[in-house]
Each structure stands twice: as structure tokens, then as C-alpha cells.
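Chemist: Okay, so TrEMBL annotates it like this:
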DOMAIN    9-393  domain 'Major facilitator superfamily (MFS) profile'
TRANSMEM  46-66  transmembrane segment
TRANSMEM  78-95  transmembrane segment
TRANSMEM  101-121  transmembrane segment
TRANSMEM  133-153  transmembrane segment
TRANSMEM  165-185  transmembrane segment
TRANSMEM  215-236  transmembrane segment
TRANSMEM  248-270  transmembrane segment
TRANSMEM  334-355  transmembrane segment
TRANSMEM  367-386  transmembrane segment
């Protein structure tokens, strides 16, 4: 009987825990039409119910980076505690709080997720040196699937009680806490521990290769969460315009969830041809899909679906490779801080992107061409990664493949 290697067990369990805990990210977004009525939200408040999670994540990630929290504390305990807080803050939406309190709860959920996802990326790197790109791709695939699940929970809006989505995602996050706290331990390739020093942030910022990888990530993030956050609204608008889609929520789930195998594929590709080229290919494809989708807003439906599926597959596929690059280019004692800084700024960018996207739709009077606002991001990101490929330190990426 074959024995599963320990690093694959760790990856499987960690990915499962990330999937379960990340269901709280879009739990409110997936049922936003219902919450607008129940919580008596204004148009502005409804947008910020989604954005509050992003703001919380940024606050948590930057705090973690400034205080080197994930470089000081035990990762499994940190992620377990954060999963519990996410489960609780998400579950408190069942009390039907006012708009302001609801946004505060979403903010707390976002802060909690900042102490799950970036540490999880560092955690899995302690188990993998060879094949790190594939492993971290699997972790972002887990994030993608977890983010998509609330749309599956929602199903048909006419036949769902919004509370079931909240209950389901909170239970998932609680189970994640058990996995993090009792079933996982750091791998044999642990990074050096450090003590809090405010000067460490400056060391990260002055590392040019790290910052080039970061700028690749920033361009990627300009596109990703605005696409995920508003895709359901976009498909619903297209449906109202005559696009023959039977269930907008399930199509949204399918498109977003397709990013999970995309992450694994890009991880495999990055380990073969290098992170710089793999990320550039994915960003060119996703940017092109963002450019094309508006042309098929009113059909034919099979072309619209095909473009959306390609977009869903590629828009998140490269995400893990920016994080993998940081683990390879950073000082070993600053990996956690570097990852938190990368994600903190990246998610700060998503706040504006998520806010501006529906504003553009309103200005244009239609959603059809709205996603054109996202196109510059992936192409700027491609430029940054190709510049990194030319840097001498790129030999440290993907076992010398760049």
C-alpha cells in the first residue's frame, strides 16, 4: 500500500482549510440583493458591504507586515484563531444588523482573512522547495474555489433563504479553524524567525526584484476582484438585455470556480518555463478577455460563455506566482512581512477598482463596456514581470527558470 508523502498531505489539508475559511469572503456579496432589502441599505452602502471586506483585509495585511506578525507567531495557531473570528463575525450577520454595523462585521471578517491567506502561502512554502509554484498555485486555487462557493450556496435567488448562505459559510470557517489548529504543522523548510523591527519594511521596499514582482501583482489585482465582485451584476444585466442565460448565479460560480484549475495549471507552467513568462501569458489572456467580453454582451450566448470561461480561468491563474516569487526573492527572515505588504497594497488597489466599476456602469448607462476599465491592469503587470525577467536576480525564480 502506497503512503502519501507528508508534503502532499499538508497541501491537501491546508487547501481544504483555505477553501472552507474563504467562503466568508463573498458570503454577503452573493446575497446582496436580499441584504439590501433586509438591512435597508442605500446604493452606496451596498457597494461598501463588499468593499468593507477588502478594507479589512488591507488593514490586517498591512498591520501584519508592519509588525511582522506572521514572521513572529506560530502560523497554524494564527490561522486557526483568525478562522474562528471570521466564522463569528460572519455569523453575526444573522442578527440583521443596521447598515453601519453590517459593514463593521464585514470589515472584521476582512481583517481575519488577512491572517489566514498570506500566512497560508508562507505555510505551504515551508513544505515545498521543488514544485513550490504548483503548490502555491493550488493554494490560490483553494482561495478561488472558496470565494466562488457562496454563489453556489445562493443558487436560485427565488428559492433560497439568505440565512443559509451565512450559516453554511460560517460552519465552513469553523471547520477550517479545527484543521489549522489540530491537523497541520509547519514543514521542514521553515523560514528564519524575526523580531519586530519597523525598519524591516524599508528593506522590503528597497528590494527592486521584489517590488517588480509586486507591481506585477498590483496590475493583476486591479482586474481580479472587480471582475469577481461584479460579474454576477454584469451577467444579470446581460440577461436582462436578451442574453439567454438560464441562471446568472450558477454561471458566475462556474466562471469564478474555473480559476481553481487555472491556478494549478499556471503553477505547473511556472515551474516549467519560469514565473515571469507564465504570469505574462496569463495576464495577456485575461486582459484580452476583459477587452472582448463586451462585444458579446447580447450574444451569442455560447461565445459570451466561452470568453467568460477563459477570463475566469486566467484572471486568477497567475496570482500565486507573484507570492512564490516573493518567497524566492526576499530575505528569508522577511518572507511573511513581504507577502503581507504585497497583499496589503494589492488589496488596497481592489478597493478603488471595486468602487469605480459600478460607477463606470452608471456613467455609461450600461454594464456592456464597463469592464474595459480593468484592461490596463494586466498589461501593466505583464510589463513589470518582463522587466523582472531581465533582472539578474530572476535566476532565483523557479529553480533558475526565471
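Here the Cβ of each residue, glycine as well, is placed from N, Cα and C on the backbone.
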Chemist: Taking pairs 6 or more apart in sequence, does the count of Cβ pairs under 8 Å between the transmembrane segment (165-185) and the transmembrane segment (78-95) hit 3 or more?
Modeler: yes
Chemist: Could you check whether the transmembrane segment (46-66) and the transmembrane segment (248-270) come into contact, where contact means at least 3 Cβ pairs under 8 Å with the two residues of each pair 6 or more apart in sequence?
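Modeler: As far as Cβ distances go (cut-off 8 Å, pairs 6 or more apart), the transmembrane segment (46-66) and the transmembrane segment (248-270) do not touch.
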Chemist: Residue list, the transmembrane segment (133-153) vs rest of chain: Cβ under 8 Å, 6 or more residues beyond ends.
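Modeler: Answer is 7, 11, 14-16, 18-23, 25-27, 29-31, 117, 120-121, 124-125, 127, 160, 164-165, 168-169, 172, 228, 232, 249-250, 252-253, 256-257, 259-268, 270-271, 275, 278, 316-317, 319-321, 323-324, 327, 398.
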Chemist: State the mean pLDDT for the domain 'Major facilitator superfamily (MFS) profile' (9-393).
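Modeler: Across the residues of the domain 'Major facilitator superfamily (MFS) profile' (9-393) the model's pLDDT averages 88 on the 0 to 100 scale.
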